[in-house]
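Colleague: These came from TrEMBL, pasted as-is:
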- 56, 59, 63, 301, 333, 398, 401, 402: Na(+) binding site (BINDING)
- 1-18: compositional bias 'Basic and acidic residues' (COMPBIAS)
- 29-41: compositional bias 'Basic and acidic residues' (COMPBIAS)
- 162-171: disulfide bond (DISULFID)
- 1-41: region 'Disordered' (REGION)
- 50-68: transmembrane segment (TRANSMEM)
- 80-101: transmembrane segment (TRANSMEM)
- 122-150: transmembrane segment (TRANSMEM)
- 218-236: transmembrane segment (TRANSMEM)
- 245-270: transmembrane segment (TRANSMEM)
- 290-315: transmembrane segment (TRANSMEM)
- 327-352: transmembrane segment (TRANSMEM)
- 386-411: transmembrane segment (TRANSMEM)
- 455-472: transmembrane segment (TRANSMEM)
- 493-512: transmembrane segment (TRANSMEM)
- 532-553: transmembrane segment (TRANSMEM)
């Protein structure tokens, strides 16, 4: 690179990067940050705020209602083999990558990619599309949970007995243990339990299909409004208020989980349920679906590829040891999933014994576990109202933490990129979810909009952008500058080889093993509804290649030169300070570029230290770029 071009790079970098913006200063050195020379991006008040916010953000409903069921479904203890392979080969590395990226750039899930690797800015847009769709439907679960919690404050749980206004002639109470003849008749005549009819007829008022949506369920709509009010008061002061709210929302669910675990393992039949949960069936490992479930569960439970961890990490101080805390938080997340299985399946074992049926007949996943299986189980316990209240409080707090993270991501990145203007607000219509056919719409969003396929696609390109385009070694240099040492090399090898291979393998197997969506394994969605579902999925996935194509089209010259140009910021400059060179062996001779006051001191990777402490252009010992 000619000397004139080097000088121009420095001028452009100084103009674009060091220009302060309201609330933050991307080019500010940490020492300037301490002296208050520039307005700063808001930071966590304490280290514990970050830890609890992350813990609350990714320890959610999936840990309680999805992992235990997948473990039972996919070979019990044998499922832990693919689970841990995806955990160490994909989940933890990508989780750490996103947190470190946010801390390094001090930017949210969209703008961080514009600073690190502009050609892959589409990763940020893909994440915000997924988050926006999550924002629409995830909060519906909280509205259901709040409705159930209100219903608990009655003399008797309304789903414990038949003869309620919403019950049909097919309703039969759970007296199977005392009268096996009734149980046989119920099976033969396709009778339903009161808890199932409460869920389908009272809560949902479900119709025959998505073609028949029906009127609005106003009681659920009011619950939704109340949940949004709660969310607003939790985040209205930014990370300062959110950081304090998580002291309750992130810790209390763990207390409730321990209480429910102790109660569950002391119930009769609990040992059979736990055995069913963990009994290894190694033959299941031959089924590709087991590996697909393991991969998608890891990405769901760690809330990666949503911009969540990047946004939370961006509020860390530059020198914060995020590597240590990411490892500890990863252990907390997976440990919570594993322990939740004991709490859930001990109760399901008790329920199976009480009803005189196999555990496979009562095992549920997702809303079926939260709003049918567990409510049914508490009606068989002493003090059922108490256990129902504790369970739904835990459910609400787990969901609220995750929802707060989703809302914060959407607000932060949408504001940064002017997707949401101060003088314009788009009102999202949630009415479809609270029509009597809203459950069909909910499942459509859940199955397609934030599916494992979408997350695997985004994770693959995150690794490509950081490890192959920007450079894994370069990113390791940045991490070393932040935390003072280089992380385990396994992280780098995962970003470079292991994670992309796992993601693409799981991605293609998911497409090969794809099955159209059904409701309760009976109702088949029409083709037009399936088409809408795939449109929701492609809305996020298409962002990445579309941005790449747009940037190439907007660049002039031969294709090779265009490729170099669109990746230029990835390989020649980083918009954040490299403040210290701890190893004398890594220093090289200082070389002036021109008579300007900027002096380059070369570093391995894309960094070159200027006398104002800001990293810019890479040069070698001979001054060549």
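Every residue gets a Cβ built from N, Cα and C, even glycine.
Neighbours and distances for these, please.
Modeller: With a 10 A radius on its CB, residue 398 (Na(+) binding site) counts 30 other CB atoms from all the protein chains.
Sequence-distant neighbours of residue 162 (disulfide bond): residues of the same chain at least 6 apart with a C-beta under 8 Å from its C-beta are 171, 172, 173, 194, 197. DSSP classifies residue 162 (disulfide bond) as coil under the three-state reduction.
Tertiary neighbourhood of the transmembrane segment (80-101): same-chain residues 54, 71, 112, 116, 285, 290-291, 294-295, 297-299, 301-302, 304-305, 307-310, 312-313, 316, 322-323, 326-327, 329-330, 334, 459, 462-463, 466, 475, 478-479, 482, 487, 490-491, 494-495, 498-499, 502-503, 506, selected by CB-CB distance under 8 Å and a gap of 6+ residues from either end.
Same-chain residues lying 6 or more positions outside the transmembrane segment (122-150) and placing a CB less than 8 Å from one of its CB atoms are 61, 108-114, 203, 219-220, 223-224, 226-228, 231, 305-308, 367, 370-371, 375, 388-389, 392-393, 395-396, 399-400, 402-403, 406-407, 409-410, 413-414, 419, 428, 430, 433-434, 438, 441-442, 445-446, 449-450, 454-455, 457-458, 461-462, 465, 536, 539-541, 543-548.
Long-range contacts of the transmembrane segment (327-352) within the same chain, counting only residues at least 6 positions beyond its ends with a Cβ under 8 Å from a Cβ of the stretch, are 51, 54-55, 58-59, 62-65, 67-68, 71-72, 83, 87, 91-92, 95-96, 254, 257, 260-261, 264-265, 267-278, 301-302, 358-359, 361-363, 369, 373-374, 376-377, 380.
Distant neighbours of the transmembrane segment (386-411): 53, 56-61, 63-64, 108-109, 127-128, 131-132, 134-135, 138-139, 141-142, 145-146, 148-149, 152-153, 157, 227, 230-231, 234-235, 239, 242, 245-246, 248-250, 252-253, 256-257, 259-260, 263, 303, 306-308, 311-312, 370, 374-375, 378, 420; these residues of the same chain sit at least 6 beyond its ends, with a Cβ under 8 Å from one of its Cβ atoms.
Counting only same-chain residues 6+ beyond the ends of the transmembrane segment (455-472), those with a CB under 8 A from a CB of the stretch are 90, 94, 97-98, 101, 113, 116-117, 119-120, 122-123, 126-127, 130, 295-296, 299-300, 304-306, 492, 495-496, 499-500, 503-504, 506-507, 510, 540-541, 544, 567, 570-571, 605-606.
Within the chain carrying the transmembrane segment (493-512), a Cβ under 8 angstroms from the stretch's Cβ atoms is held by residues 85-86, 88-90, 92-94, 97, 288, 291-292, 295-296, 452-453, 456-457, 459-460, 463-464, 466-468, 472, 475, all 6 or more beyond its ends.
Counting only same-chain residues 6+ beyond the ends of the transmembrane segment (532-553), those with a CB under 8 A from a CB of the stretch are 118-123, 125-127, 129-130, 133, 444-445, 447-449, 451, 453-454, 457-458, 461, 517, 525, 559, 562-563, 566.
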Colleague: What same-chain residues lie close to the transmembrane segment (245-270): Cβ under 8 Å, and 6 or more beyond its ends?
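Modeller: Contacts with the transmembrane segment (245-270): 49, 52-53, 55-56, 59, 64, 234-235, 336, 339-340, 342-344, 346-347, 349-354, 381, 387, 390-391, 393-394, 397-398, 400-401, 404.
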Colleague: So for residue 59 (Na(+) binding site), how many other CB atoms are inside 10 Å of its CB?
Modeller: 28
Colleague: Same chain only, sequence gap of 6 or more: which residues have a CB within under 8 Å of the CB of residue 401 (Na(+) binding site)?
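Modeller: Correct list: 56, 57, 59, 60, 246, 249, 250, 253.
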